[in-house]
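Asker: For reference, TrEMBL lists these features for the protein:
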{"type": "DOMAIN", "residues": "3-110", "note": "domain 'EamA'"}
{"type": "TRANSMEM", "residues": "6-26", "note": "transmembrane segment"}
{"type": "TRANSMEM", "residues": "38-57", "note": "transmembrane segment"}
{"type": "TRANSMEM", "residues": "69-87", "note": "transmembrane segment"}
{"type": "TRANSMEM", "residues": "94-115", "note": "transmembrane segment"}
{"type": "TRANSMEM", "residues": "121-138", "note": "transmembrane segment"}
{"type": "DOMAIN", "residues": "123-248", "note": "domain 'EamA'"}
{"type": "TRANSMEM", "residues": "150-169", "note": "transmembrane segment"}
{"type": "TRANSMEM", "residues": "181-198", "note": "transmembrane segment"}
{"type": "TRANSMEM", "residues": "205-230", "note": "transmembrane segment"}
{"type": "TRANSMEM", "residues": "236-254", "note": "transmembrane segment"}
Amino acid sequence: REAIAGMPVFAFLGLRFFFAALLLLPFCRGLRVERQQWPRMIISGLWFALNLCLWIYSVSTTPSLGEGAFIMSLSMLFVPLTAWVMMKARPARAYWECLPIAVVGLGLLSLHMPIAFHPSQGWFLLTALVQSIWFCYTSKSAREVPLIPLTTVQLGITGIVGLGISAAVESWTQPFTLPTFGWLLASIVIATSLRFGLQMKGQKYAAVASAAIIMVLEPLLTVIAAALWYGEQLPLQKIIGGLLILVAQLWFRWRMLKPLR
């Protein structure tokens, strides 16, 4: 948010992901990638780039971001269903039990009254579906391909696509200030290289449904961070929504662990 205020959005996307890939590149040394693994990594990177570009287009065309944010937050709840189709991994009963609780929680967290869905928000739905496909494909790839090269290729492809779109459609009129550079640097190191490196690690060792349910916490943590950083208000509706998301998390974990006892 701070970095985008000082530069075009696709330029930010391209620079952020391209330099994050360069940052990870030295750590790929000594990690052998077989020739037959390259297509899987490239396809994963293309899905990731498509996901982010669709998300940016969706945000730019919708008149109501709250409803769009709600649709996007459902993407991780689509993941077990997508895995059912792609990987023949049928969702556990615990998923169906916590699904309505999580949906209501995400709705309370994202939506504002009056609710007004717009036809352009079909782009958000498409983006959410693409994100669920990327998540499933990457989870499978992370078990078969070295993690750091996989992450590097994903970030690099996304960065190149972002820079290409920026060169084609954007004009950089804002001055590039030192604070903007600082936020861009933080985005590269913390919000991209570190974040996606850790996420890939988690996706490698966690079941797809479990990883997706944990990722549902992301919009909740974003709201909390915005409240702490920007002093944004947390109305009762959002507090209840956050609590419902936590209840869904705890219920899912308890139901998944219960048979093991």
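Even glycines carry a Cβ here, placed using N, Cα and C.
Just so you know, TrEMBL annotations never went through curation; they're auto-generated.
Give me the local environment of each listed feature.
Answerer: Sequence-distant contacts of the transmembrane segment (6-26) (same chain, at least 6 residues past either end, Cβ-Cβ under 8 Å): 52, 56, 60, 148, 151-153, 155-156, 158-166, 169-172, 174-177, 179-180, 183-184, 187-189, 191-193, 196-197.
Taking Cβ pairs closer than 8 Å, the transmembrane segment (38-57) reaches residues 9-10, 13, 72, 123, 126-127, 130-131, 133-134, 137-138, 141, 144-145, 149-150, 153-158, 161-162, 165 in its own chain, all 6 or more past its ends.
Long-range Cβ contacts of the transmembrane segment (94-115) within its own chain (Cβ-Cβ under 8 Å, at least 6 residues beyond either end) map to 66-67, 69-70, 73-74, 77, 80, 209, 213, 216, 219-220, 223, 237-238, 240-245, 247-249, 251-252, 255-256.
For the transmembrane segment (121-138), the residues of the chain that approach it from at least six positions outside its boundaries are 43-44, 47-48, 50-51, 54-55, 57-58, 61-62, 64, 67-68, 71-72, 74-76, 78-79, 81-83, 86-87, 150, 154, 200, 203, 208, 211-212, 215, judged by C-beta separation under 8 angstroms.
Residues belonging to the domain 'EamA' (123-248) score a mean pLDDT of 89 in the model.
With a threshold of 8 Å between CB atoms, the same-chain residues lying at least 6 positions outside the transmembrane segment (150-169) that come near it are 8, 10-22, 24-25, 27-28, 41-42, 44-46, 48-49, 52-53, 138, 141-142, 192-193, 196-197, 200.
Away from its own ends, the transmembrane segment (181-198) comes close to residues 2-3, 6-7, 12, 15-17, 19-20, 23-24, 147-148, 151, 154-155 of its chain (Cβ-Cβ under 8 Å, at least six residues beyond either end).
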